[in-house]
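Engineer: Below is a structure I'd like to ask you about.
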Amino acid sequence: MNPNQKIITIGSICMVVGIISLILQIGNIISIWISHSIQTGSQNHTGTCNQSIITYKNSTWVNQTYVNISNTNVVAGKDTTSVILAGNSSLCPIRGWAIYSKDNGVRIGSKGDVFVIREPFISCSHLECRTFFLTQGALLNDKHSNGTVKDRSPYRALMSCPVGEAPSPYNSRFESVAWSASACHDGMGWLTIGISGPDDGAVAVLKYNGIITETIKSWRKEILRTQESECACVNGSCFTIMTDGPSGGPASYKIFKIEKGKVTKSIELDAPNSHYEECSCYPDTGKVMCVCRDNWHGSNRPWVSFDQNLDYQMGYICSGVFGDNPRPKDGKGNCGPVYVDGANGVKGFSYRYGNGVWIGRTKSNSSRQGFEMIWDPNGWTETDSNFFVKQDVVAVTDWSGYSGSFVQHPELTGLDCMRPCFWVELIRGRPKEKTIWTSGSSISFCGVNSDTVDWSWPDGAELPFTIDK
């Protein structure tokens, strides 16, 4: 083939390739135009797909998925419809308590990033339950955990995480700077109450959905403090109790009515011979019942019940099955304070059912060890020590600590009644064990009208940690 023939052949091949490329490009343009015309004709059409269930990390979310045909973007989000938690239901009838959660925080914290905490509690909205806790601004098995036996410091904060999970920097949400706290959900948003500051001038900061809405200054200038468990919400209003004054003598106690984070009413209890600290409160048939700690002179628990106008009644649980720690052996009760071993105490709870009462208490009379639930069918009004049911949840050889109530509203459970639940703090470290830190994990139980079991669900961490050696 001579040079001219080669040139003609190469030119012909290039021309054919060019023509094919042009045809493909024209086809592509026509395809894009047709596709655009179809989308333009349906530009404002939005289709709603069926609900989908996504299961991840043991949590089940119900999602509504929206597909916008015009740009094919898919947006999936959890149904967060707001409802007002009525709080008008009575407590569900129950026969015992079923294990609900266990976070194993201290065990996991020996190798994982887990917060040093105390005072954990649980609160539920109509969508979820969360564990709230007071951190010490430190992680387990780290140098900053040294000295965390101290209750009040500027490093403490109220945080929360999904119930049953160990509290870590990766799953926890900051709520408030606080060394004493409470939180609850009214169906529309989270109310958090965080107290911080000096002993003689602490301030409670109220937040609603994360925004500061109100502050309450210490009125007695002697360690303003609140529940260390959930507040109670009824028909859009939430209620909490605060204490200011001596821990070993008469103090001042106030009930606050709060709507969307703003205090709308408050009263001071007329209780010269009673002592109310760290109350565990729950709604019941439109009213609020609180069972508290008498740190002054009672080994049985004081209670106060009030309506939405803050008209209140008060007294002590009459049963000879005593609920505080320290306490004497069960015996003759009193509808006022039982003075034997009445000094000091521990946060606790009870649930009233008419004249009967479920009493939660440590198994030990003198130390924060073990935990049991006792049903006394006439213990709210009678002073004998006879009881009908006892359910063990922590063995007397294992550490316990604070305990408190929380409820699951019908809007969450689908039941026609208020489900009673409780949590138990499992304290580890100082002052009882040879560590440089104090922390804890938690377990929780909910009332059921079916079979339950006696067992022990202890913290289970093997101490000391590396940092302690």
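Please read every residue number as a count from 1 along the shown chain.
Positions of Cβ are set from backbone N, Cα and C atoms, glycine also.
Since we're looking at a predicted model, the values are computed, not measured.
Okay, so Swiss-Prot annotates it like this:
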ACT_SITE  D151  active site, proton donor/acceptor
BINDING   D294, G298, D324, N344  Ca(2+) binding site
DISULFID  C92-C417  disulfide bond
DISULFID  C124-C129  disulfide bond
DISULFID  C184-C231  disulfide bond
DISULFID  C233-C238  disulfide bond
DISULFID  C279-C292  disulfide bond
DISULFID  C281-C290  disulfide bond
DISULFID  C318-C335  disulfide bond
DISULFID  C421-C446  disulfide bond
REGION    36-90  region 'Hypervariable stalk region'
TOPO_DOM  1-6  topological domain 'Intravirion'
TRANSMEM  7-27  transmembrane segment
Engineer: Cβ-Cβ under 8 Å from C92 (disulfide bond), same chain, 6 or more residues apart: which ones?
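Structural biologist: Listed in sequence order: L415, C417, M418, R419, P420, G447, N449.
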Engineer: Other residues near the Ca(2+) site, CB within 8 A of the CB centroid of D294, G298, D324, N344?
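Structural biologist: Going along the sequence, the neighbours come out as H275, R293, N295, W296, H297, S299, N300, R301, R327, P337, G342, A343, G345.
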Engineer: Starting from each candidate's C-beta and looking 10 angstroms out, tell me which of the disulfide-bonded residues C124, C281 has the most other C-beta atoms.
Structural biologist: C281
Engineer: Give the helix, strand or coil assignment DSSP yields for C290 (disulfide bond).
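Structural biologist: SS state of C290 (disulfide bond) = strand.
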Engineer: Averaged across the topological domain 'Intravirion' (1-6), what pLDDT does the model get? Just tell me the whole number, please.
Structural biologist: 59
Engineer: Translate the DSSP assignment of C417 (disulfide bond) into the three-state scheme.
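Structural biologist: DSSP assigns C417 (disulfide bond) to coil.
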Engineer: Looking only at C-alpha atoms, tell me how far G298 (Ca(2+) binding site) is from C231 (disulfide bond), rounded to the nearest Å.
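Structural biologist: Roughly 23 Å, rounded to the nearest whole number.
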Engineer: Find, for the listed disulfide-bonded residues C231, C279, C292, the residue with the lowest Cβ contact count at a 10 Å cut-off, counting only other Cβ atoms.
Structural biologist: C231
Engineer: I need the CA-to-CA distance for D151 (active site, proton donor/acceptor) versus C446 (disulfide bond), whole Å please.
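Structural biologist: The separation of the Cα atoms works out to 29 Å.
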